[in-house]
Amino acid sequence: MGIDVKELIRRNRQKHAEFEKKINYKFIDLRLLQKALIHSSYAFEQAQAGKNNERLEFVGDAVLDLVVGNALYRRFPEMREGELTRLRAALVNEGHLATMARKINLGYFLCLGKGEDNSKGREKSSILSCAYEAVIGAIFQDGGYDAVAALVERFFLPVIDRRKEDLLLADAKSRLQEILQEKHNEGPSYRLDNEEGPSHKKRFTISVLFRDEVLGTGEAGSKKEAEQRGAALAIKKIESM
C-alpha cells in the first residue's frame, strides 16, 4: 500500500489536462497539482496519512491573503484599511472559496477516501475550500507570485467589481462583533425599530446598539439584511472616530 504520485499522474493525465484548461494554468511540475488534489481521507486509506494536500493548503492560505490583499490595495485606492480587510475576508472565507471551487468543478478532480466519497465529500464546502487553497499553494510553488496573481485577476476581481457592496455587507455583522470584542470584550445588540408593509413586501428598520448608544441603523426587506446594513454603518462610524 502507499501513494505512488507518478502512477496517479499517469492515471489522471486526462483529468489534469482538463483541470489545467479550467484554471488556464499549465503546471511545470505535475506532482504539485496531484498533491494538491489528494485529500487526507485518501492518504489515510493508503496508510500514508502525511501525504495529503494540507501542507500546500497552508501555503495557499497565506499566499491568497497576500495576493488578494495586494489586488484590492491597487484596485481600490479610496478604501480604508478596515474596508479592505473586510472585503478580503469576504473573498477568502470558506463559503466563497467553496463557491469558486464549484465553478471549476474542483470536487470532480479530488482523490478522496471511499468513506468520504460515499458521504458526498466532493460537495462539502470545507473540503472544497481547503482543496482550492491547496491548488493555490501548488500554483505558487510551481509558478510563483505572478502565476497566482494572474489567477486572482481572472477569477476573483470580476466578482469584486460586481458584488463589492454585497461582499462587504455579508461580512459586516461578524466584523463588527470582532471589533467590539477586541476593543471592549463585549458585542453589539440589535433592536427592531420598525416593521411595515404586507407580508410579501415587508420592510424592516433595525438599529445596532452598543452600551445603549446607536451606532448605525439599517433598513431592508429582511431582518438579516437590515442588521448587516446597520452593522456596516456602525463599522464606518467606529473607523471615523
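Numbers run from 1 along the shown chain.
Each residue, glycine too, has its Cβ placed from N, Cα and C.
Mapped onto DSSP helix, strand and coil, the domain 'RNase III' (16-144) counts 96 helix, 2 strand, 31 coil. According to Swiss-Prot, the feature domain 'RNase III' maps to 16-144.
If you look up Swiss-Prot, you'll see Glu57, Glu133 marked as Mg(2+) binding site, on the strength of sequence analysis.
Other Cβ atoms within 10 Å of the Cβ of Asp61 (active site), summed over all protein chains shown, number 17. The feature active site is assigned by Swiss-Prot to Asp61 (among others), with sequence analysis given as support.
Over all protein chains present, the Cβ of Glu133 (Mg(2+) binding site) has 26 other Cβ atoms lying within 10 Å. For Glu133 (among others), the entry in Swiss-Prot reads active site, with the evidence type sequence analysis.
Feature annotation from Swiss-Prot assigns domain 'DRBM' to 171-240.
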Sorry to bug you, but what's the C-alpha spacing from Glu133 (Mg(2+) binding site) to Asp61 (active site), rounded to the closest Å?
6
Can you count helix, strand and coil residues in the domain 'DRBM' (171-240) using DSSP?
34 helix, 24 strand, 12 coil
How many other Cβ atoms sit within 10 Å of the Cβ of Glu57 (Mg(2+) binding site)?
22
